[in-house]
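Trainee: Under the heading domain 'PHP', TrEMBL lists 12-122. Here TrEMBL flags 273-529 as domain 'Bacterial DNA polymerase III alpha subunit NTPase'. Per TrEMBL, the feature domain 'DNA polymerase III alpha subunit finger' maps to 532-694. Sequence annotations record features per position, and here TrEMBL assigns domain 'DNA polymerase helix-hairpin-helix motif' to 769-858. Per TrEMBL, the feature domain 'OB' maps to 947-1024.
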Amino acid sequence: MNPVYPQVGTSADLLNSTIRLEALIPFLQDQQASSVALTNRRLYGVLPFYQAVRKAGLNPVIGLTCHIELLDETLVEVQLYAKNNLGYQNLLKISSALEVKGLSALPIKWLRAYREGCLVVVPLAKLETKQTIDSSLNALKEIMGSGLFGGIERAGGLISDNESAFVAKCRERQISLMATHQANYVSSKDAFAYEVAQAIANGVKLSDSNRVKPQHEHHYLPTRDQWIEWFADQPEWLEETSRLLERCRVELVTDQYHMPKFPVPDNVSVQDVLREKCISGLQQRLSLVNEPYKKRLEMELNVINQMGYADYFLIVADFMEYAKNNQILTGPGRGSSASSLVAYSLYITHVDPLEYGLLFERFLNPERITMPDIDIDFADHRRQEVIQYVAKKYGSTHVAQIVTFGTLTAKAAARDVARVFGFDSSVLEMISKQLPNKPGISFEEAVNSSENLKKWIEMDHAHQKWFATVKELEGLPRNASTHAAGVVLSPVPLVELLPIEEGQDGIYLTQWPMKEVEQSGLLKMDFLGLRNLTILERIRTMIWFDQNKWLDFEKIPLNHEGTFKLLQAGDTTGVFQLESDGMRQALRDIRPTHFLDIVAVNALYRPGPMDNIPTYKRRKHMEEKTTYVHPMLEPILKETYGVIVYQEQIMQISSRMAGFTFGESDILRRAVSKKNRQVLDEQRQHFVERAQRNQFTKQEANEVYDLIVRFADYGFPKSHAVAYSLISYQMAYLKVQYPAYFYASLLTAAMGNQEKIMRLIQEVKQHNIQLLPPSIHKSGLTFRVENGAIRFGLSAVKGVSNVFLKDLLIKRKNSHPLWQDIFELAASLSAEQFSRKQVEPLIKAGALDDFGQDRATLLATLDAAVQYAELVRPNSEQDLFDGDITTFGKPKYVKNSDMPDLLKLQFERETLGLYMSNHPVERLKKELQLQVSSIQEIRYARTGQSVAIVGMIEEIRRIRTKKGESMAFITVQDETSDISCTIFPKDYAHHNLVIKEQHVIKIEGMIEWRQGKPQIIVKNLKELS
């Protein structure tokens, strides 16, 4: 008899098992197993398990481990098995109900409701007393009848003391007995790694006395011989197990789409509604719709309707309309959906595909049927509102966000295992520093890259055991979270198709990740939060609030001279996708003069294609003649100076030369990009034959095909490049036209990132925009524009809670007149809120300078103000003087000598992360009358030019050369900017003692440009403070 495995947990069960499918399947095949049951504690991993087991020729049984709560509140652990598809449907409902309701056990009355198509096994190993055995068997037998089984486990050949009693009680009730075995790891040698995984999951150390330890080390997958040996006296129990699993036959369908329906009036087809909305929308867009647009719209509608996707487009258009009506900013498009005129007509996208030569077949190919995929960008702080709207419109049980699983990466596994082993914090820190932050690197590769770590492992047996354990656990799923974008919409309640669990804000979460959701045939949509849209929205709102002017981003002119000057200069801090040093250099090289140059730069600036930037630049500026492999290519490649930049160009080339439809061209593009030799040869023959029929020679066809093959990997979707370049351009335009609003919005977005705020403030000063200090009277929560200057936001003051600040601003709004001193502020807020912890940072930051007192006096008076608040208003509900605090005399300020300038600057840096009043470097330069350049002035110096600056050391990185000599890299800052400086060993030896953070130094050296940025090679250092 072939063995079967009735109780297998897999690694999908989040550290409850270490069994991976890639290890399970070969083991089962080696044992010539016939059936295997998955019994995880959630329905995580069901689909990959089912597919892998089926592919191996075995019978996959879908089960679930859970607790049943009896009427007397006794909890009994059982395994539920889906006997058929109805049983599987009920398992979906049971698992979903448990997770959504947050229950630790299934009430027995629910089992009665969901029992159809299910079998239940009560394992003896989980029944602690004879009384529990009686009550469990009685209750479950009454509900399940012959569908109840008694499971007997003899792990490692060990027989339970209660086995004979359990057997007798099952036989009394005519409950069939079967052999079972809980497997949580593949072999006995994996027992320790499993124990560590459990400790990671439970947040304990191996040395913790209260840790729940495994009962034994036999939860491995038994071999065929072990099964026979353990149950040699009861072979019929093995036969019963086999019969039970063979009865369980579930057929999961993964090639059937479940398209939701858009509600339309009776007697009206969804296709007619779509057509009507498209025609109306296009007329609004264009006023006069000419013949090419009519033909394109008709073509797209025919394809969409033939594919059955009319509902989908209307669903997306509907929630986009909701976003527009609620002033939620959306992106102009994303990915290939910007190629659709239907999407443009419905205001889903804001890119005219005909104007930019975008191909619909790149989005929906009638010759390659796939689910449509329209990804939408929303302002990130309002994305959830749109998801809430969709859930409300289509029903909460039809909509869910999608789960994603975090895994134990090399670094995470190393740290987690080290923590469980009880290694001290210094060791954990050492491990983190020694392992490189390289995505996708394996633990073994990471260790091999560090000689120090290899030596440390060799030092001690515990270290070696740590190394072996990390290797075993690396890559296991560790935790579940919500996918950043994915939302699924179903025409039927989701629990009929997949399991769900509790999510956030009333939106359910699928138990299956993105790939499995898509394999289930459900409509997946990506609702992406884009921070740059939030920045744009904030700029627009501030301008509207201050100037009563509403910016329509679609009406921003795409030929604005000032915007192109900014782009040509590479002045793109804060500009979407154009901020990196390399991108700035590409812009300076190419010197864009029209919008399509920005599109091309966005598409070219990637590994591989960026090699073509110099060619594009030379040809654009007529430093090199533009050439084409064949004259036929000129109309297609003229826009990009003979360089293939976009996927759409490859499709146009194959269409023009070989007469391919655009659908066939897209299939060719996808096939060629995979670089499979057999596929390349097949496609070449097909292409050349079709091209010859189209009056091209064999040589010409082969030359063009070689060109396609060479660029197939590099091609970028032009639709995506155009859409995202619109955001880039809009931000650049706003930076030119509304610089104060632009920077205020960027500063707000950067709050919490002190380094970024510092860099932005340097740039604000370089653009001659005044920065105003935080003010208790004038500041908002975030940065705002005030008469052309930028006012610091109170939220940017470190150490002050947002709850306190929000309450303060509400009180300020209702305070007439505004508070005149610290005592009025204290009384307004009440003693509950007005505390030294919240107010002291505001004083140090200068926010209470509005009261006309020196900061030293304000700090000295703070305790008296707190006492005054306790006397006048003990809490927010209790005002002892009915708002008239004049009936009780106000205390006087505790006068103190003025705060020294250096201490004031120190406090500003402590609370704001920067020097607000002035910069110590600026002060010293004036005091010492130093004739040096500012850092900003030398940013455009040429390589080799001698310079002298004064700056404060912000960051130091000391290293040793291969010869063992010490040297350093330092970052130095003055009031205008910062710059990196390199101090080579010879000079470092002379100046090592003055290289200290926060010290002001004079530097003399020479400019050297590296990776598009200037740095100073230091020749001389002098300490000034």
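Cβ from N, Cα, C; glycine included.
Model, not experiment: these values are computed from the prediction.
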Trainee: Please work out which recorded stretch in 12-122, 769-858, 947-1024 has the most C-beta pairs separated by under 8 angstroms from the domain 'DNA polymerase III alpha subunit finger' (532-694)?
Mentor: 947-1024
Trainee: With DSSP as the yardstick, break the domain 'PHP' (12-122) down into helix, strand and coil residue counts.
Mentor: 46 helix, 30 strand, 35 coil
Trainee: Mind checking how the domain 'OB' (947-1024) divides into helix, strand and coil residues in DSSP?
Mentor: 10 helix, 50 strand, 18 coil
Trainee: Reported in the order helix, strand, coil, what are the DSSP residue counts of the domain 'DNA polymerase helix-hairpin-helix motif' (769-858)?
Mentor: 40 helix, 8 strand, 42 coil
